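In TrEMBL this protein carries:
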- 3-79: domain 'EamA' (DOMAIN)
- 29-51: transmembrane segment (TRANSMEM)
- 63-82: transmembrane segment (TRANSMEM)
Amino acid sequence: MGLLYLLLLNTLIGYGSYGEALNHWDTSKVSIVTTMLPIFTMIFSNLSYYFYPHIFAKPDMNWISYLGALVVVSGAILAIAGDKLFRRN
């Protein structure tokens, strides 16, 4: 039953924060942050294993995972600064 409450609380906070972000930011900025969530997941899963290896399992990531993360980060950077880098006449 405790897990159900945790999942409910997580969902309420997550979607509530997402809705508030949409109210205060442009949709394009919110979508960039949403795109970066898997990258944050990779970072925090590696950090949690590094600091607490007796609790967390080692993340199973190969070079394709890191290449995909690089592509996502590059796309987010281009979405943010692309109009400044590639100006149209």
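Each residue, glycine too, has its Cβ placed from N, Cα and C.
If one looks beyond the transmembrane segment (29-51) by at least 6 residues along the same chain, the residues whose Cβ comes under 8 Å of a Cβ in the stretch are 18, 21-22, 57-59, 61, 65, 69, 72-73, 75-76, 79-80. Across all of the domain 'EamA' (3-79), the predicted model scores a mean pLDDT of 86.
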